[in-house]
Amino acid sequence: MQTLTIIRPDDMHLHLRDGDALKAVVPYTARQMGRAVIMPNLKPPVVSVADALAYKARIMAALPEGSAFEPLMTLYLTDQATPELVREAKAAGIVAFKLYPAGATTNSDSGVTDLFKLIPVLEEMAKQDILFLVHGEVTDPEIDIFDREAAFIERVMKPVLAQVPNLKVVFEHITTAEAARLVLEAGDNVAASVTPQHLLLNRNDLLVGGVRPHHFCLPVLKRETHRQALVAAVTGEKAHKFFLGTDSAPHAKSAKENACGCAGMFSAMTAVELYAEVFEKAGALDKLEAFASKNGARFYGIPENTDTITLVKQSQTVPASVPYGDGELVPMRAGGEIGWMVQY
């Protein structure tokens with residue numbers, strides 16, 4: 001039986017929620033990943049160092065006994081952010097600030113309305129070597145939802161990089177050929193996280209044969225040519241600029257299957273197996289370890305994990321749902337098969 005042993009991966013983009021939801025989902029990530037970069041879009045958002053440290057304590061308390069998993073904490077960037085907050089965050093071990101353009105995604109109401117007014121804050125981030133994580137979509141209602149990432153590149157990303165050229169930027173959960181091209185052409189201070197869904201699915205998987213609410217995420221799935229461009233990027237010559245970031249975003253089944261369903265896919269349960277499928281299909285299994293376990297750590301300036309995990313070429317059926325607080329959670333590829341399995 002074929003096996004593949006790799007350095008234990010890190011998830012560089014993860015939503016863990018809070019309370020009972022946190023307790024339900026964190027064990028799935030903790031058994032696969034050594035560390036994860038924790039998104040700050042709680043209600044209310046994680047905007048201060050005190051907020052982040054309190055949230056980290058709640059995550060640690062929710063971990064299974066004996067787990068060595070480490071959450072890497074971030075702050076939610078708001079219009080009120082200051083250079084002083086950046087210095088305070090760096091001193092407290094916060095790894096990054098996250099940009100949510102106001103209204104772009106789940107719990108983004110407190111997001112930034114005009115990033116260019118925060119240039120002094122971004123300059124301080126560059127000075128302190130603290131990362132800037134970007135949800136790269138414009139929220140202009142006149143821009144088609146499928147074009148919002150490409151528009152963001154021209155309107156925001158390129159001008160910001162021109163004004164703060166040494167800022168370390170992660171273009172999060174990229175979905176388009178344009179985003180891949182930007183990262184490929186930018187300096188070594190720009191990298192990207194890529195989700196399993198944007199490497200495996202296209203917008204037909206969301207819309208053909210009926211609306212598939214469990215395939216609805218933001219940024220929304222794009223056409224097949226974009227998916228292929230992402231696979232080419234993560235397996236190509238400059239693959240070191242791309243890394244694993246699941247954007248696993250749990251929402252109760254009832255919140256997904258309704259007239260105005262929430263955006264987000266829960267992939268943490270089988271994340272590494274899903275990525276293995278991508279790299280296997282691309283004939284690039286030898287590049288999975290760098291993508292999952294090395295590139296993110298290098299960009300964040302942290303050491304690689306010292307232990308390993310082993311994948312077995314063995315089919316598994318993903319559960320139709322799992323418990324989630326008072327309700328249930330539908331994982332990515334619920335009821336379907338994945339050709340790999342992590343040995344636990």
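Glycine is no exception: its Cβ is also placed from the backbone N, Cα and C atoms.
Remember, predicted model here, so these are calculated numbers, not experimental data.
Feature list (source: Swiss-Prot):
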ACT_SITE  Asp247  active site
BINDING   His13, His15, Lys98, Asp247  Zn(2+) 1 binding site
BINDING   His15, Leu16, Arg17, Asn41, His135, Leu218, His251, Ala263  substrate binding site
BINDING   Lys98, His135, His173  Zn(2+) 2 binding site
MOD_RES   Lys98  N6-carboxylysine
8 Å Cβ shell about Lys98, His135, His173 centroid, Zn(2+) 2 site members excluded: His13, Met39, Leu99, Tyr100, Thr105, Leu133, Val134, Gly136, Glu172, Asp247
Other CB atoms, at most 10 A from the CB of Lys98 (Zn(2+) 1 binding site): 25
Shell list (Zn(2+) 1; ref centroid = CB of His13, His15, Lys98, Asp247; cutoff 8 A): Leu14, Val37, Met39, Asn41, Leu133, Glu172, His173, Ser193, Gly245, Ala249
Alpha-carbon spacing, His13 (Zn(2+) 1 binding site) to Leu218 (substrate binding site), which is rounded to whole Å: 13
Euclidean distance between Cα atoms of the residue listed as 'active site' and His15 (Zn(2+) 1 binding site), Å: 6
For Asp247 (active site), the one of Leu16, Asn41, His135, His173, Ala263 that lies nearest, given that the binding-site residues are compared by Cα: His173
